[in-house]
Every structure is written in C-alpha cells, then in structure tokens.
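J.: Let me give you the structure first, and then I'll get to my questions.
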Amino acid sequence: MEEGGRDKTPVQSQQPSATTPSGADEKSSGKERRDAGEKDKEQELSEEDKQLQDELEMLVERLGEKDTSLYRPALEELRRQIRSSTTSMTSVPKPLKFLRPHYGKLKEIYENMAPGENKCFAADIISVLAMTMSGERECLKYRLVGSQEELASWGHEYVRHLAGEVAKEWQELDDAEKAQREPLLTLVKEIVPYNMAHNAEHEACDLLMEIEQVDMLEKDIDENAYAKVCLYLTSCVNYVPEPENSALLRCALGVFRKFSRFPEALRLALMLNDMELVEDIFTSCKDVVVQKQMAFMLGRHGVFLELSEDVEEYEDLTEIMSNVQLNSNFLALARELDIMEPKVPDDIYKTHLENNRFGGSGSQVDSARMNLASSFVNGFVNAAFGQDKLLTDDGNKWLYKNKDHGMLSAAASLGMILLWDVDGGLTQIDKYLYSSEDYIKSGALLACGIVNSGVRNECDPALALLSDYVLHNSNTMRLGSIFGLGLAYAGSNREDVLTLLLPVMGDSKSSMEVAGVTALACGMIAVGSCNGDVTSTILQTIMEKSETELKDTYARWLPLGLGLNHLGKGEAIEAILAALEVVSEPFRSFANTLVDVCAYAGSGNVLKVQQLLHICSEHFDSKEKEEDKDKKEKKDKDKKEAPADMGAHQGVAVLGIALIAMGEEIGAEMALRTFGHLLRYGEPTLRRAVPLALALISVSNPRLNILDTLSKFSHDADPEVSYNSIFAMGMVGSGTNNARLAAMLRQLAQYHAKDPNNLFMVRLAQGLTHLGKGTLTLCPYHSDRQLMSQVAVAGLLTVLVSFLDVRNIILGKSHYVLYGLVAAMQPRMLVTFDEELRPLPVSVRVGQAVDVVGQAGKPKTITGFQTHTTPVLLAHGERAELATEEFLPVTPILEGFVILRKNPNYDL
C-alpha cells in the first residue's frame, strides 16, 4: 500500500504542469472535468437507480401540487422508500442521496402545508433527510414538531445523529429555559432505552453525561448490560472534573446495588472514600460468603469496620478484615513456590559474577556502611518469610557489626523479616528490648511497629509495648517508638494513639528530628482523614519553630505530616494554605507545595499539574548560592543543616506531578515526557527530584524506557542525581526479580566499587529488586489498578520526600526512614478459597490485561495467557481469569484473596 502511495504522489504533482501551463487553463480544464464527471455519473446510474430517482422526484412534485388528497399517499410512499432502503455501513442510503437536492423544496412545502397529520409526516421525513445536510440542528427541530412515532423505525444512524444534536442543544439552553428542556428530555427517554437494547450502551451513557442526567440510567439497565455500562462509567471518571466524577461513581454504584453486586459496589465506595457508604453496603449484604469476600477486600485496602457483635460470623469477618491470616497465607504461597530457604545478601549481590581485577572486592568488605546496606538487603529480601541467616539465629553478632544509628536500622530489619506475624514475631524481638545499647532498643521498638504494620490485633501489642517510650529521655528511643507506632497504626485514625503522639511535637526535649518523625507518624495514622487535632498541632509546631529551626532538613517532615493527613482531599486544604502564609520563605513555598500535591494525589488533575510545571519553570539566581553552598559544605561537612535553598519546593513540585498523574495511564505517559525535559534542562534541584518522580510513577513496574533513563543518570556528574537514580531503579523494579535490572545493578556495583555512598544505594536497589524474593510489590494501586491505597502512598511519599535531601537524611543518620516502604508492601498473589475459607487450588489463566471498555459483545479481557494453578503471582498489568467452569468467583476481579462458589449449572 505504501509503495503505491509513493508512486502516485509524483504523478499527481506533474499532471497540472504537464497538461496546463497557465492557471486559466487549469480552471477551464477543471470545469470540463466536472462536466464530464456529471455525465459519467448519469451514465453510472443503473436502471433501478434511475427508476428510483424518477419515482422520488415525482413524489416530491406531487407534494408541491394543489391537490391535498395526494399528500398522504405520497408521504407514505416516501417514508416506505427511506425505511426499506437497506443501508450499507459505508454509504448514504440511495433514497436519501437522491432526495438531498430537494431538501430546500421539501422544507418550503412543509411550511405551506396546513397543520395536521400530513404536516407532521412531512416533518418526520425532513428530519431524517436533515441527517445528510450540515444544517443548524434541523434534524432535531423537525423531529420535535413531527408525528412523535417511535425512533426505532428510522434506524440506528438516525438515533445517533439525533442524540448528538440533543446534547448540543441542551448545552445552549440555560437553567432558566426549563420549559424548552422538557421536550428534549422526552426524546432522551426514548433514545436511551433504544441504545441500551441495541448494544450501544456507551452512547446512551455519553448522551446522559452531556446533559448531566446520569441518574436516568438506573431504570433502563437490564441484567445483561449493567456490567458494560458500569465499566464505561468508571473508565470515564478519570476524564471528567469534580464533582461529575463522583456523580458517575455514585451512579455506577447505584446500578451495582440494584443488581445486588455488592463487591463491585464496595469497590466504588472505596474509590469515593466514603466510609459510611462502605459500611452501609457491607451491612446491607445478607450473604455471608459475599460478606467474607468484601472483608478480604477491605483488609487489602486497609479499612477496618467496627461491626456489631450480633452480626453473623462476627469473629470470622473481623479476623479477615484485620489481616490476621495474611502471614500464614503468604507463607503457604512461599511453600508452594518452594522459596522458603532464607537468602543472604551475597546471594543477591552475586559478587562471584563481578570480574574484579583484584579478585573479589575484598579490601573494604567489613565497613560499617556496607554492613548497614546488608542489613537492609537482608530485611528486604527475606521480608515476611520469618527466617533469615543473619538475625533470627544469633542476631547480636550481626548487630554489633554496625555502628550507632546503623544498629537501629539493623535491629529494625528484624521486624521486616517477621512482617505480619504478630504473635510469633514479637517474642523473637522481645530479647532486644532489654539490650544495654539505646540504638538496639530503639531499633527493636521500631521492629515491633513494623511487625504490626497492616495487621490489627485485639490486644494492641504495639501500643502496649511502644507507648512507654514515646516521651523517653533519650531522643533515640523516641524515634524508634514513634515511627514504630506510625507504621503499626497507619491508616487507622486511632484517637488513643494520636493523643499519645501529638504532645511529643511540642515537647521541649524533642529534637527537630523527633518533632518531624512525630508529624510523619501522625500523618500516617490519620492519612486522608483531615483530622483536626493533627492539623492544628502540626501547624502550631511550625509556627513556634524559629527560622533557623525550619531550615533544618528534618523540618520537611512537618508539612509532609500535614499533607498526609489531607491525602486526596482536594479543596479541603484551602484553610491550611492560608494558615501557612505567615511562615517565612523558603519554608512557606515548600510546605504549600507539599500539602497541595498531597491533597490531589492520584486524582490525575490536569490543572494542578500545569501549576506544578509553572513552579518547575521558575528560575532562581543560584550561581552565587551554589558557590556559597560548596564552600559551606566543605567547611562543615558534619553539620546537618543544609543552607536555605530557594528552589527546594521545585523538587516537591516534580514529585507532585508524578503523585497526581500516577492514577491514570495517559497522564502518566505525558508526565514521563515532561520529566525527560526537566532532566535535560532543569536546575540541579529539579534534576535530583526527577529520578524519584520516575520511581513514583512506575513503582514495581520495570518498564524498559524508564530503566534506561535511570541507568543513564546513575552515572551523572551530580552525585545526588546518581544516588536518587540508583535508588529509583530499585523502586521501579521492586519485588520483580527483573533479570535485566539485576544485571544493570551488578555493573553499577562494579563501577561504584570505590564510592561507598553510591555503592550503598546500589545495594539498597538490589535488595528492593528482590523484595520478598520477588513475591511482594510496593505499588499503591490494586483491584485492577482502580483503588489507591492511601497508606501505601503515605509510605512511599515518606521515603521519597526524605530522598530530596539524600545526603543528610538517607546517607546521614536517618536511614531508618526507609522502613516507610513497609506500609506499601503487599503480596502480589492470587489465592483462591472455597466457601469455608479452605484453600482451593484451581487452574487460572494469567495474561496481560486488555482494555475492553465500550467494545461490543464479550471480548477477551486478557491476552498471551499461561495457565497456572492457584496460588499464583500476578505481575504489574496482569489479570487472571478462571480456566474452569466448575467454580464462580464471588468478585469479578481476581486479585489477592478470592472466594469461589460451585457453579450450580456445571454438569460433571
């Protein structure tokens, strides 16, 4: 085809110049050609067509005559001709084509007719004809004055055309002109059921969205169409502004409830973040099996409902929602996959593959920094497996290979290994609580918090163990216990925990770091709840701090706590932004931007992204400042306080673009392109933040283009860009065991063998890549990427915002912040149970998810599938469906824990 096209073009361009030297000739030749064309056209008409054309012309003439008795039969005949013309999909039906030249004449005839049935008939015919004319909505105009007979008789194309005109007309009428909207509504009430019955559900939805009457859908939907309609509505949510998006979700939710599809309705209620509605859906369902399935969904999303004890199977439901069985189910999967054998960091580094000239990297093996890296790697790789080779056998030996804060993080990594195992885990950590070293004790406290992350326990062991240390004399002890509480109760909005923590911020003994961590912990506990006490306490703390204190790098956690408290709440932050106006620069811009981006997290709000791009394009005169900064840093390397940086909020803006756009794919693609520009042309502050933004937009989804970009910048001249790029590579591939990434990181480890900081980052990235031996994910989205877990986003943000000052926080003494990732860790598995919650292995097909929105029929939802037996792992962008007819899933999205029922129609 292409070649043909290529051959044609030169011929066309030569034609006029070869045949017609002057412009005048060209015109005349054009005219001749047209005349010839018309003659051909007449010859082209076959006998039948000629007969039809004459017949139609005769009918039109008959309507122009004086004899009114002939009108009726003439109109009847015209109507019959138009209707009976079987139309092909690509061309205009013949009668309409031949009647087109008579359109004006027919309108005149209509105007001159006496009112009555004939006039209405004529209006109907003109309305259908108007489809072929690009007129001023005449199709609709004549329909409204026509005979009002049913639409279906004129065919689908006519209905579609009419719907388009109704939508345009509606938008031009104001609310004042209600009377004129009535006839349009009547028409809509005819169009919608017609579309529903003829597989054009999405057209019905579009029309109702245009005229803002989505609620009308509910009564026209039948059992066969509801799934498609709701899929279409929920897919549109990303592309409509507030408050229409919630209206669409509520409409789809109403439809699901009408057909008693409780799990689907619950998912939408969670998208709306409306807890009363969630509770209402949960309690109004009377089927215990479905309730258990919903409890699994709530547990995965980190929502716990206080049920009344007289609910049937109260204990089971509470246990499922509390994620009590998460650990045992995860270990069952590990046994199934045969990966229980603990791994040591060297299995991950694969040092034997490095072709070092000096035979292994022997010289610097036992440095404290490398041991710290190994503690993290060991924790990440064996996360939730409950056993390892460094800490669970004889931990003291390993702990004392670390120094000071290194001991804190090393002890805390034990919590990660025992993740979710509250009963068994705490007994193993207990012995370290009696250590003589404050750092080890503090790490053990943090470990207690980590073990409880995402799991609720009646006895509240985390609160009981950690509460005594929150106001301890030693700030080190405070850090472990406060951050531990933040992780253990993230997303619970528990008042008793918050009342315990809030006073610490204002306590005179609290260092800036402790105040920051407290704000962070409170933000995580109250995530997305707009808790008034948290807001006022953090604001008060910010107001009370002096300008010098706010320049401390840990001050960044105060506004982050505020932002997390309002995560995804949109406009609810106006008052806070106003309150922050009194704070001095540069902290004010930093805090404002941070709170603002948190409020719109995952919303895909394009206008916000535009504002953030404006912030990124501001230019500060930073030449002198950069020089000062270098001198100052040489002078006081040990001093934590980095000089005030006017562009600090730009880094947050870059992260914010990723945070807002990560919710939907088109936005994420566009953000990706923007990041490319920023990396090439941005200021240093921007460039340091871009790798982190790339990590956030593609967590646990190792796309090659992103990995290549990060790999390029992992050799950047600015050390902070390279630190962040290397860590981002780990985030992008977290829990995937991606072989290509693992090879890249091994090469980097060789390249940076002499640079302890970069090597530390490479080790962290290697640990993350093999997170949970490849069974866990950090991606905050689940349920087919529809639901965003706020707790997971809070954990990721905590880490990424800290990485904006990687040198003083992560490579300084506060690497324990990396345990914020625990809040985002989730197994990426699919486990199936029978109605009694016994594991039920069935065969499932796992393949790449295909978007089937608005497609006719029942298209395949996955492609390139393989058949496995559950439990199975699901990678990013994969979807599973049952490969057997024997069972029916209680929820349509097979992810996490799914209950199956016997199919009553299955014949053995």
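Backbone N, Cα and C define each Cβ position, glycine as well.
When I checked Swiss-Prot for this same protein, it listed these features:
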- 10-22: compositional bias 'Polar residues' (COMPBIAS)
- 24-51: compositional bias 'Basic and acidic residues' (COMPBIAS)
- 623-643: compositional bias 'Basic and acidic residues' (COMPBIAS)
- Met1: N-acetylmethionine (MOD_RES)
- Thr9: phosphothreonine (MOD_RES)
- Thr20: phosphothreonine (MOD_RES)
- Ser29: phosphoserine (MOD_RES)
- Ser147: phosphoserine (MOD_RES)
- Tyr194: phosphotyrosine (MOD_RES)
- Ser361: phosphoserine (MOD_RES)
- Ser363: phosphoserine (MOD_RES)
- Lys551: N6-acetyllysine (MOD_RES)
- 1-51: region 'Disordered' (REGION)
- 623-645: region 'Disordered' (REGION)
- 708-903: region 'Required for interaction with UBLCP1' (REGION)
- 443-479: repeat 'PC 2' (REPEAT)
- 560-589: repeat 'PC 5' (REPEAT)
- 742-757: repeat 'PC 7' (REPEAT)
J.: Could you state the CA-to-CA distance between Tyr194 (phosphotyrosine) and Ser147 (phosphoserine) to the nearest Å?
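T.: The Cα atom of Tyr194 (phosphotyrosine) is 18 Å away from the Cα atom of Ser147 (phosphoserine).
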J.: Same chain only, sequence gap of 6 or more: which residues have a CB within under 8 Å of the CB of Ser147 (phosphoserine)?
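T.: Residues satisfying the criterion: Glu117, Cys120, Phe121, Ala123, Asp124.
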J.: Within 10 Å of the Cβ of Tyr194 (phosphotyrosine), how many other Cβ atoms can you find? Include all protein chains, please.
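T.: Taking all protein chains shown, Tyr194 (phosphotyrosine) has 18 Cβ neighbours within 10 Å.
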J.: On the DSSP side of things, how many residues of the repeat 'PC 5' (560-589) fall into helix, strand and coil, could you say?
T.: 22 helix, 0 strand, 8 coil
J.: On the DSSP side of things, how many residues of the repeat 'PC 7' (742-757) fall into helix, strand and coil, could you say?
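T.: Counting residues per DSSP class in the repeat 'PC 7' (742-757), I get 12 helix, 0 strand, 4 coil.
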J.: Please report the DSSP secondary structure of Ser147 (phosphoserine), reduced to three states.
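T.: SS state of Ser147 (phosphoserine) = coil.
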J.: For a quick check of packing: other C-beta atoms within 10 Å of the C-beta of Lys551 (N6-acetyllysine), how many?
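T.: Its Cβ has 18 other Cβ atoms within 10 Å.
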J.: When DSSP states are folded down to helix, strand and coil, where does Lys551 (N6-acetyllysine) land?
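T.: It is helical.
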J.: Mind looking up the mean pLDDT for the repeat 'PC 5' (560-589) in the predicted model?
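T.: On average, pLDDT over the repeat 'PC 5' (560-589) sits at 88.
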J.: Counting by DSSP secondary structure, give me helix, strand and coil numbers for the repeat 'PC 2' (443-479).
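T.: Tallying H, G and I as helix, E and B as strand, the rest coil: 23 helix, 0 strand, 14 coil.
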